[in-house]
Amino acid sequence: MLFNINEKGEPLVISFAPFLSPEAIKHLQENERCSDQSQKRTAQQIEAIYTSGQNILVSASAGSGKTFVMVERILDKILRGVSIDRLFISTFTVKAATELRERIENKLYSQIAQTTDFQMKVYLTEQLQSLGQADIGTMDAFAQKVVSRYGYSIGISSQFRIMQDKAEQDVLKQEVFSKLFSEFMNQKEAPVFRALVKNFSGNCKDTSAFRELVYTCYSFSQSTENPKIWLQENFLSAAKTYQRLEDIPDHDIELLLLAMQDTANQLRDVTDMEDYGQLTKAGSRSAKYTKHLTIIEKLSDWVRDFKCLYGKAGLDRLIRDVTGLIPSGNDVTVSKVKYPVFKTLHQKLKQFRHLETILMYQKDCFPLLEQLQDFVLAFSEAYLAVKIQESAFEFSDITHFAIKILEENTDIRQSYQQHYHEVMVDEYQDNNHMQERLLTLLSNGHNRFMVGDIKQSIYRFRQADPQIFNQKFRDYQKKTEQGKVILLKENFRSQSEVLNVSNAVFSHLMDESVGDVLYDEQHQLIAGSHAQTVPYLDRRAQLLLYNSDKDDGNAPSDSEGISFSEVTIVAKEIIKLHNDKGVPFEDITLLVSSRTRNDIISHTFNQYGIPIVTDGGQQNYLKSVEVMVMLDTLRTINNPRNDYALVALLRSPMFAFDEDDLARIALQKDNELDKDCLYDKIQRAVIGRGAHPELIHDTLLGKLNIFLKTLKSWRRYAKLGSLYDLIWKIFNDRFYFDFVASQAKAEQAQANLYALALRANQFEKSGYKGLYCFIKMIDKVLETQNDLADVEVAAPKQAVNLMTIHKSKGLQFPYVFILNCDKRFSMTDIHKSFILNRQHGIGIKYLADIKGLLGETTLNSVKVSMETLPYQLNKQELRLATLSEQMRLLYVAMTRAEKKVYFIGKASKSKSQDITDPKKLGKLLPLALREQLLTFQDWLLAIADVFSTEDLYFDVRFIEDSDLTQESVGRLQTPQLLNPDDLKDNRQSETIARALDMLEAVSQLNANYEAAIHLPTVRTPSQLKAAYEPLLEPIGVDIIEKSSRSLSDFTLPHFSKKVKVEASHIGSALHQLMQVLPLSKPINQQTLLDALREIDSNEEVKTALDLKKIESFFCDTSLGQFFQTYQKHLYREAPFAILKVDPISQEEYVLRGIIDAYFLFDDHIVLVDYKTDKYKQPIELKKRYQQQLELYAEALTQTYKLPVTKRYLVLMGGGKPEIVEV
């Protein structure tokens, strides 16, 4: 029930429907099932929309309408009396939040239109108005709100900023690291610290590897609930726990025993084959069979009696026994077919080999790890202290501050918990533990609504942990009192051809071990409508593989990259789709796993005339050729003795010196100087005093004179003009901006150059001046291996899309090509010198000196890199986590398709059959095989091989070079031009002619009334003043910038410690202060400070206000005393609107504005306006604002029918307040 007030001030009572009971929900589900609607909601969607009063986890498969469910649930909450501002709604991205807000807005508009109840219309309109302020956004955005509001409770200023530029973060990190490193190198424990650094960097002079270790540990800790506690309690967890054989986890022992038993079983299956040859010709057992039987029996016995025969303490002995028992090779051959029976067991034995030796040396590395722990803790504290001093933070800092505020302030936490009716989270599978902690603190324990799909968790590199979702899923299924699980399985996006192949692939591939979830009936995709089940034979999924048996060398030098032949296969299929099926290019999307090596795709498509749009590559703005040329030009202007920059400038198209020219210049050396720079040689060459003046011919001399004259001009201008103007002078003097327009990718190149000028302008606006500072900033960015954001140019709409799989998440496309399926998964992380784990902490490779173990006496040391036991445990978990994420990445890619999916790769046709043992061992591919295969393509081929008797809903085809000839690929069909002899074309031409006549008439009408067309409906006095101002004073031409949105892409690192206060902000604050200042009290500093607290401005602006000057106005001027004497007649910040007639078009328009102050008496009016402009003589401002005050006076006269007898300007921009009568 809600109370509103009607026009008479009487209360209106709105009665809302109660939330639905479980019985009512079942009744609604039945009604929906029996209804004749074309698009019905599923029973699970209805349950997810209307269930209330408990925690709910919605597991929403791809295309199941999760956004629809969220919007409908939010609307239902609103219709049942829950205000939108009482819902916390978290989305993964800002874009998702914007789309969700728009959908809610459209729903509210629709509901208002349908509602006949006046009271409900008023309520829904209020909800619509509140939508902009509702908590719908990312967790980062919400955390910023909390810290801005309550940061004072933990000593954090509300006036902070976010360091979004990685370059700025790296510069600060480097400063903190260097200082701390120096301190640790000179402390008491310095020898241990040096050993730590050498373990990772090899020596103490090169600290890059150790610095990477520290940064990674710091970054990893930031994703935990409490970084400091994690570093103190969990960082060395595995190092403290796993020190003996007995400490090895039972799970790892079980995996070893399982591998032994599986090997025995597989070997038995092989020996039972008809062609194996158990018996000799004489009828006795063959030697091979006898040996294999012994292996089978012993492996089975050791597995069965492990605890009695070995136990954990005897694990090292077991490893030696098994290693001695089985052959060194992996395969058993039967009838020329190789079966990799022993491969998995060999891999497991390798993991446990040399355990005793490793454990013996592992204890020596513990002091090093303690030093590392101390360093990372100290780094975290010092880095945070610097950020607090700068009042500039990373997003993770702000979230941790928000968590700290809620944990340490019970009243604040309870106020949020009481305020939010429900805490809703989208993409829950991609949350990390820091975000989970924040959500827990906001919830009252039974009002969480979480939507996600663990099969689409693909952001592990952002420390997202799918196990958060998984744990909730298990808990709610086992303990229903904790919450409810609702499965959305129906897919409303894809045709059955896509759904069937997805189910076939992942039912054989995904389980808890690899993928983190068993792909069973609970998770399989089901068509949501009958139309999706209509079969299309030509849309069957295709695995198209370029046969690399006779590779023509088209593959890139890195074997991981996509080859020209693979791209040609894609081009051929697209041409076929476009020509034969009429599929528009924008319906086709190419998905790749990374942005690297995509240039070959664009190049090949250009050859075939296929338009393509990419989502961008790695940030390479500063490495683009045109920008590098300009940067070297600026470096040369700053310091001509920089040989590298000077050579780059001379070789650039601006001056076009060739190798011969440079060689001749280089020989003009002064023999008396040891070091001679190129610039000096040029100067000597020009005056003929070089070592070989005869080499400088007239043409070269002319070029050198032009260069020196131009450079001198630029250097002189750099001292006087702005960076922006200098860059444009370079463009214009040497026509470089025009030159790049004639090159490939001209639009992008010109946009890059334009952006450079804008970035230079922004740099100077931020308070820095000069060429040297700008170059230094750019070089700092490059030193930290970073770059500036790329410049986006308008892309064609009718084009094939190329994007990463990550970028495609949440989107859908009719036809999807998954490219480079033969690319190996990146396993770089599992080969690093350290591996981090949330539970186990850090595991490292230890550089041990085994000189004593070997009995070596001649060498000083014998260093061996050992994988410590914690490292091995973390490595195994990381390997499985990596494979699981790659599997989910494939799921995301496949489920983007609406109609058809293609897999593109390359393989040797003759060797592709050797991928797997075709013996079917169950519903899933064997775990060992899934761990062994490291490409999408290998997974698909293994499934096709092992489950060949099933319909897997995809075909495997090998493409030969003969299939990729120009004739075989074909060409795009272009639309036929109009035939003037065709009557239909002639009729169409007549229609176009009539349309052109109509356009001509409209154009003439527009010309006649051009002044009225361009006349704004509403204008302000400031706009009218601007029309007169150019006639009154000389002004400069401002720099044209496209839009504020484009400028945001060009943000430079913010190194300034002081926030620059704009003059407009000071003026706005002064007007607010003069509005709220109580004139009934004596005007003094205290009165002004009290009033200052009430205005809505940041602290920097408030500090910039000169309160003494304001006090002087009221105390020392007659007008200020007039304010206090006649305060009852005073009106402040008064809006007005009058009708005016434009003198040119004679059309009427509305003039609106706000008058700072006026005094209304019985027979006259006194007008006052405050100005904070800087000035030399008051007469300047009198002329500038005379027209504006006349408009104000006219408005007051029209309104009150009284004359304005006095008009005053109060000038606050000088040394003291001055009053000017206008």
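Positions of Cβ are set from backbone N, Cα and C atoms, glycine also.
Under the heading domain 'UvrD-like helicase ATP-binding', Swiss-Prot lists 39-495, citing sequence analysis as support.
Non-local contacts of ALA60 (ATP binding site) by the CB criterion (under 8 A, 6+ apart in sequence, same chain) comprise LYS66, VAL69, VAL451, GLY452, ASP453, LEU488. According to Swiss-Prot, the ATP binding site annotation covers ALA60, SER61, ALA62, GLY63, SER64, GLY65, LYS66, THR67.
Annotated domain 'UvrD-like helicase C-terminal' per Swiss-Prot: 524-810, in sequence order, evidence recorded as sequence analysis.
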Original post:
Three-state secondary structure of ALA60 (ATP binding site) from DSSP?
Top reply: strand
**OP:** Mind telling me which of the binding-site residues SER61, THR67 has the densest Cβ neighbourhood, counting other Cβ atoms within 10 Å?
**Re:** SER61
Original post:
When you average the Cβ positions of ALA60, SER61, ALA62, GLY63, SER64, GLY65, LYS66, THR67 for the ATP site, which other residues in that chain have a Cβ within 8 Å of that mean position?
Top reply: ASP453, LEU488, ASN491, PHE492, ARG493
**OP:** Mind looking up the mean pLDDT for the domain 'UvrD-like helicase C-terminal' (524-810) in the predicted model?
**Re:** 84
Original post:
When you measure from the Cβ of SER64 (ATP binding site), which residues in the chain that are at least 6 apart have a Cβ under 8 Å away?
Top reply: LEU488, LYS489, GLU490, ASN491, PHE492, GLY528
